[in-house]
Amino acid sequence: MSHSPTPLAAIVLAAGKGTRMKSQKAKVLHEVGGRPLAWFPTRRALEIGANPVVAVVGHQAEAVEAALAATLPGAPLRFAVQREQLGTAHAVLSAREALGRYQGAVLILSGDTPLLRAETLSRVVAARAGATLSLATMRLADPHGYGRIVRDPAGTPARVVEEKDATDAERALDEVNAGLYCADAAFLWEALSKVGSANAQREFYLTDLVAMAARAGGVVAVPVPPEEASGVNDREELARAGRVLLRRRASELMRSGVTIEDPERFDCDEGVEIGADAVIEPNVRLKGRTRIGAGCRLGAGAILTDAVLADGVTVKPYTVIEEATVAARAILGPFSRLRPGSDIGEEAHVGNFVETKKARLGKGAKANHLTYLGDATIGAGANVGAGTITCNYDGEKKHPTTIGEGAFIGSDSILVAPIEIGAGAYVAAGSTLTESVPPGALALGRAKQVTKEGWVARRKAEAQNKGAAEAAPAPSPADSPRGGRAS
């Protein structure tokens, strides 16, 4: 993290609606990498030491404020409301009160630029030291829609002209404004007070500051890659930005010792942590505050949300883990589901089509097949057979199930909570238990088996005889003992 050596504040412009998103939600609330768009420039400004950072909000102001406060807890954030959308200069001026008596450099950036790097912001801030204003520029093969950079005969930026106000010659220019500026606060407020709206859109353009700064003491242009500075205006651009962020993240992780088998099929939110020597198979999705320990292996199609995995955990394909904790060397899946509150112990096994919810499995405990464990505590070394169900809900309340260390639960057992199976106890397959079982005991909760030898043959013979009788023709009246004429 590179901090500015001089006082630095930042203003993030996040007031617009974003009509091209075709959404009821404000543009800057749309997410990439599990974060709202406005989070990215705000976070990058914080990374280079900006304090405070003022977010100018407008459309859905309360929701934008809440999203930034929730995703940047404890950060020196302030908020300013632009009640009327009168242009970018008006938006920046809306932040003046929030900055109070602050004197120093002010970095201005757009809230829809998730690809900006902290290093780029630092370059723009550093460039201002030799001028009244610094701004980022980029060269585009198709500059349509962007403000063009007009330079003087000496090659110094003289002004920015917006697309709708440009002449044909100016529209032919390929150097455009990237919407990232740095200026001294004193100059900024004085210049903004002089900006007018005599332009094609009748708006107060922030870009008018460039001409004012050129006259006051000079402007420095800082070239930046188009990929980095381009804003997000619609869903296609949102998706493209997301892929760029994922490629960056995959590259960063691989350089730190993580194996990602196919970086093009890797999906990871901002803030996810992955330890060295972890292996990520294709189509894994890592969300929220997930933490992956060293040496873990995540199988294809696994989805982890706010999960914490210790070192050496194996997650087989298509396992879903949400708000669960998994200890070292545990084995999960394939096709298992760990719901919130699950706590899986060291070397425990949770196998295919097993679902856990608020369940704790001790060291080496196993539930390998077709099982539901809800509100359950499973002791170390216990084995839960296929098809076992903990019936934790009575229609009104949840109840706990406790299975002691070394206990053995036979297949297709139903444990009706609240219930406790003692350490080392056995439950016979197919049992339905409603009472606790003492340690070391065997519990059978099923009907007694009855075997009837020869029953199948007798049943088949009866069926055949019945079928033959039903198929025989009915007797005619003449054949009846009462059917003839009396003599």
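For all residues, glycine too, the Cβ spot is worked out from N, Cα and C.
Take the acetyl-CoA site that Swiss-Prot assigns to ALA386, ASN392, TYR393, SER411, ARG446: the candidate from ALA367, ALA429, ALA461, ALA463 listed for it is ALA429. Taking the binding-site residues ASN233, ASN392 in turn and counting surrounding C-beta atoms within 10 angstroms, the largest count is reached at ASN392.
The shortest Cα-Cα distance from ASN233 (Mg(2+) binding site) to any of the recorded positions (GLY16, HIS369, SER411, ARG446) is found for GLY16. Separation of the C-alpha atoms of ASP112 (Mg(2+) binding site) and GLY16 (UDP-N-acetyl-alpha-D-glucosamine binding site): 10 Å, rounded to the nearest whole number. Here the CA atom of TYR393 (acetyl-CoA binding site) lies 23 Å from the CA atom of ASN383 (UDP-N-acetyl-alpha-D-glucosamine binding site). Cα to Cα, ARG339 (UDP-N-acetyl-alpha-D-glucosamine binding site) and ASN392 (acetyl-CoA binding site) are separated by 15 Å.
Listed in sequence order, GLY385, ALA386, GLY387, THR388, ALA429, GLY430 are the same-chain residues six or more apart from SER411 (acetyl-CoA binding site) with CB atoms under 8 A from its CB. Between GLY87 (UDP-N-acetyl-alpha-D-glucosamine binding site) and TYR393 (acetyl-CoA binding site), the C-alpha separation comes to 57 Å. It is ALA386, among the binding-site residues LEU13, ALA386, whose Cβ has the fewest other Cβ atoms within 10 Å in the structure shown.
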